Amino acid sequence: MLSSKKHLILPFVGLLALAGLALAGVEEIHNVLELTGKATQKTRFSTDVAADKYTPPEEMDPEFWYKNADAEITKRLQLPQPNAKKAKNIILFLGDGMPIATIAAARILKGQRQGKTGEESSLSFEQFPYTGLSRTYCANAQVPDSACTATAYLCGVKTNIVNIGVSAAVNFNNCTASQTPANRLTSIAEWAQDAGKSTAIVTTTTLTHASPSGAYAKTANRMWECDTDVANYGVDPSTCIDMATQLITQVPGKNFDIMFGGGMGKFLPKTIQDSHGNAGERSDGVNLLSRWQAQHDGGVLVTNRKQLLSVNTSAVSSIIGLFQSKLMNFHLDADDTYQPTLSELTEVTIKKLSQNKNGFFAFIEGGLIDYGNHYTQAGYALDEALEFEKAIQLARDITDPEETLIVVTADHGHAVSIAGYPGRGTNILGINQHDVDLNGVKYSVLNYAAGPNQYLDDAGQRIDLADILGEDEKAIFPSYISKDQGVHSGEDVGIFASGPQAHLFTGLMQQSTIPHLMAYAACIGSGQKVCDKTD
């Protein structure tokens with residue numbers, strides 16, 4: 001039996017190297033050919049021989065989604081309204097790849113780390129007074145990615161998979177269509193800036209990753225993070241501007257007061273070594289960080305925890321923090337003297353933004369929950385979820401609930417389950433001791449639909465995982481579909497809200513309604529506003 005385990009685990013050393021873990025860091029794993037469906041034949045609904053996924057024609061018009069959001073807001077306003085308060089501040093916390101199953105498992109792990117059975121525990125945001133559900137499908141995708149979903153919950157319009165900040169009239173990698181003014185969207189960050197509010201993006205991925213980019217970028221390919229990336233996809237980077245350049249030189253990116261995350265290489269030329277000892281990635285020779293500093297008198301660049309915590313937020317105009325060359329490291333692997341936690345990033349962000357008498361909008365992402373689930377390493381995903389909930393608790397503690405709306409949600413789920421009738425207090429990262437399969441073999445509490453390891457012996461039978469799961473928080477969990485990584489899921493995700501107008505974030509809504517509801521609460525943007533009801 002031991003030889004069978006060894007036989008099956010060795011082929012996946014490559015995945016462990018990809019995961020990087022303590023040594024190489026977290027590596028990018030999203031494949032746009034897989035996400036767009038271009039790796040397989042076109043779907044039965046496709047009417048275009050060049051397209052792989054069908055988009056309903058009416059959904060290509062952004063106005064379709066604006067009208068949908070307006071109707072959903074109107075429906076909620078017909079219910080009794082507990083208050084008419086305006087939100088001075090908005091904080092959107094995004095748990096990337098955080099399905100309800102991950103929330104439940106993280107809650108159990110939290111309790112078990114405290115020596116309890118775990119099931120009775122609660123995460124900070126689960127105690128918020130209002131909850132709802134968000135429908136995550138995108139214009140041409142039953143199961144979405146983080147790009148089209150970011151466009152929904154930040155721009156208020158559903159778009160095609162892999163798109164960011166452009167409408168569903170734009171197809172994958174279509175530079176020309178992405179430049180058409182009618183196809184380009186604005187985000188709630190821009191609406192907030194127009195209202196005189198301070199703004200921030202915070203992530204544990206990169207500043208040019210799909211989720212934070214929804215706040216500022218307009219692109220037909222989420223992978224166009226720097227000019228080298230654009231050229232690698234056969235597009236002229238002088239025509240279609242990469243996302244790092246958009247962030248530094250265009251509205252609303254250049255107006256952010258705070259930008260915290262990884263991805264330093266996307267901002268520096270290949271001829272320059274970044275603060276983390278790695279070469280930059282840009283081919284155009286442009287040092288975007290020097291350009292940012294020249295444009296922001298009083299702005300500071302920080303690249304590690306000590307520098308971040310040393311900043312006098314009252315004495316600087318803006319802060320950009322780039323804490324790794326690429327993605328930030330998992331909390332379980334990070335050098336905590338070098339890489340700040342999400343809570344520390346959150347605290348500095350709120351302290352700085354709170355200086356604006358007009359209020360602020362902040363997007364704060366726990367981005368590596370998604371990566372833990374992609375690697376089918378549930379221990380990473382759950383630990384990242386617990387770091388995420390700590391940051392949310394801190395934000396609620398240091399802001400006034402009478403003037404700060406906090407919304408917590410996910411962009412999409414992951415195909416992970418908690419199943420099999422395990423008894424109360426069973427190790428959530430371990431083996432179900434209370435059931436066996438048809439061959440009498442016990443199985444894990446957490447399982448993934450797709451992933452790199454099925455844990456089968458040479459006869460195709462499941463092996464005993466008792467000495468693989470339970471003690472090692474970094475273990476790879478079993479799946480039944482053989483694939484290089486775990487995949488997203490298409491079910492609804494949770495919404496949790498606290499603060500002014502939080503009561504509107506209940507029931508089932510389109511994901512694209514979320515920013516319109518936040519804008520309603522803060523009296524920003526072009527749609528309905530709570531101020532219209534009280535003036």
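Cβ atoms are placed via backbone N, Cα and C, with glycine included.
Heads up, TrEMBL stuff is auto-annotated, nobody curated it.
Database features, via TrEMBL:
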SIGNAL    1-24  signal peptide
BINDING   Asp96, His209, Ser211, Glu365  Mg(2+) binding site
BINDING   Asp96, Asp370, His374, Asp411, His412, His488  Zn(2+) binding site
ACT_SITE  Ser146  active site, phosphoserine intermediate
Least Cβ-crowded entry, counting other Cβ within 10 Å, from the binding-site residues listed as Asp96, Glu365, Asp370, Asp411: Asp96
Binding-site residues clustered about Asp370 (Zn(2+) binding site) [Cα within 10 Å; pool: Asp96, His209, Ser211]: Asp96
Residues satisfying Cβ distance under 8 Å from Ser146 (active site, phosphoserine intermediate), sequence separation of at least 6: His30, Asp96, Gly97, His209, Ala210, Ser211, Arg222, Asp370, Asp411, His412
Those residues of the chain, 6+ apart, with a Cβ under 8 Å from that of His488 (Zn(2+) binding site): Gly97, Val143, Pro144, Asp145, His412, Gly413, His414, Ala415
His374 (Zn(2+) binding site) and Glu365 (Mg(2+) binding site), distance between Cα atoms, whole Å: 17
Number of other Cβ atoms within 10 Å of the Cβ of Ser211 (Mg(2+) binding site) across all protein chains: 28
Neighbouring C-beta atoms (10 Å sphere around the C-beta of His412 (Zn(2+) binding site)): 26
